[in-house]
Amino acid sequence: MPSWPLDQVLPLAIALPLVGIAAGLIAGLLGVGGGIVIVPVLYHVFTVLGLDEAVRMHVAVGTSLATIIATSTSSWRSHARKGAVDRDLLRSWGPFILVGVAIGSLAAGWVKGPVLTGIFAGFALLVSLHMAFGRPEWRLGHSLPTGAAKAGLAALIGGCSAMMGIGGGTFAVPTLTLFGTPIHRAVGTASAIGLIIGIPGTLGFILTGWNAAQLPPFSLGYVNLLGVAAILPTSMAAAPWGARLAHSLDTRLLRRAFAVFLFLTSLRMAYGLLN
């Protein structure tokens with residue numbers, strides 16, 4: 001297990017709580033899950049600290065999933081108080097999301113680090129394009145699919161979210177809105193989906209990384225406890241504020257600014273892989 005010098009740990013201890021604030025606000029405000037911020041930031045932090053590339057992305061994803069448990073809980077409660085959580089949908093989708101999470105977290109544990117990084121970079125690029133150019137009036141239907149299509153859709157959301165280390169909102173919000181769910185209700189429901197994904201996803205990354213070599217100090221499998229401890233308090237505190245703002249702000253400009261951040265992040269990660 002490698003050690004980190006104190007002069008590197010101190011800046012980390014200062015920076016990660018700020019990341020937690022940004023992640024919590026974005027999770028509550030846009031319903032995309034704070035992991036879309038946490039994963040690339042942790043990846044770059046671990047790069048600076050010299051963490052082995054074979055486990056770097058896995059630890060970023062696993063640590064992000066652990067923080068999402070608390071962030072999603074805080075955001076979900078705030079949205080639920082405003083009546084913006086579809087409990088019937090959660091009961092209907094929940095079992096299939098769990099199946100997808102199990103498959104996604106196990107698959108991520110077997111994928112090589114650079115491959116997982118490339119997948120995330122491509123995914124971040126697609127999300128940035130959707131956030132920049134997507135239109136709220138776009139529709140695939142007026143109601144969500146049923147039967148096998150429902151099961152497959154929920155499992156896909158759970159599996160992809162677990163593999164990427166993000167809250168379900170990144171996939172769930174656009175999916176729900178494309179099938180006619182009002183945006184505020186989609187965001188609120190997605191915050192609860194993040195909780196369904198975060199708990200089993202974290203356990204999956206702990207188990208698949210339990211015997212991995214070159215893990216950073218204070219890690220349980222692919223979950224780094226130092227990262228969780230630094231991000232968790234501020235992300236929990238910020239998530240309710242984001243949820244409140246979601247019901248009072250026009251988020252179009254913020255979505256576009258965040259799209260630029262994701263676009264640049266995806267390019268930076270792809271450049272790092274190619275060089």
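Including glycine, each Cβ sits where the backbone N, Cα and C put it.
Bear in mind that TrEMBL entries carry predicted annotations, made automatically and left uncurated.
For 12-43 (among others), the entry in TrEMBL reads transmembrane segment.
Under the heading transmembrane segment, TrEMBL lists 55-73 (among others). For the transmembrane segment (55-73), same-chain residues at least 6 beyond its ends with a Cβ under 8 Å from one of its own Cβ atoms are 20, 23-24, 27, 33-35, 38-40, 42-43, 46-47, 105, 108-109, 113-114, 116-117, 120, 162-167, 191-195, 197-199, 201-202, 205-206, 209, 212-216, 219, 221-224, 227-228, 231-232, 235-236, 239.
As annotated by TrEMBL, transmembrane segment applies to 93-110 (among others).
Sequence annotations record features per position, and here TrEMBL assigns transmembrane segment to 115-133 (among others).
Annotation comment: TrEMBL describes 153-179 (among others) as transmembrane segment. Beyond its flanks by at least six residues, the transmembrane segment (153-179) meets 27, 30-36, 38-39, 60-65, 68, 71-72, 92-94, 96-101, 103-105, 107-108, 111, 116, 119-120, 123, 127, 130, 134, 136, 138-145, 185-187, 189-191, 193-194, 196-198, 200-201, 204 of its own chain at Cβ-Cβ distances under 8 Å.
The transmembrane segment annotation in TrEMBL covers 186-210 (among others).
Among residues of the same chain six or more beyond the transmembrane segment (222-241), those with a C-beta under 8 A of the stretch's C-beta atoms are 9, 12-13, 16-25, 27-28, 34, 38, 42, 55, 58-59, 61-63, 65-67, 70-75, 77-78, 109, 202, 205-206, 208-209, 212, 215-216. The feature transmembrane segment is assigned by TrEMBL to 222-241 (among others).
Sequence annotations record features per position, and here TrEMBL assigns transmembrane segment to 253-274 (among others).
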Under 8 Å Cβ-Cβ from the transmembrane segment (253-274), and at least six residues away from its ends along the same chain, one finds 26, 29-30, 32, 36, 40, 43-44, 47, 114, 117-118, 120-122, 124-125, 127-129, 131-132
Cβ-Cβ under 8 Å with the transmembrane segment (93-110): same-chain residues at least 6 beyond its ends:
58, 61, 65, 116, 150-152, 154-163, 168, 193, 196-197, 200-201, 203-205, 207-209, 222
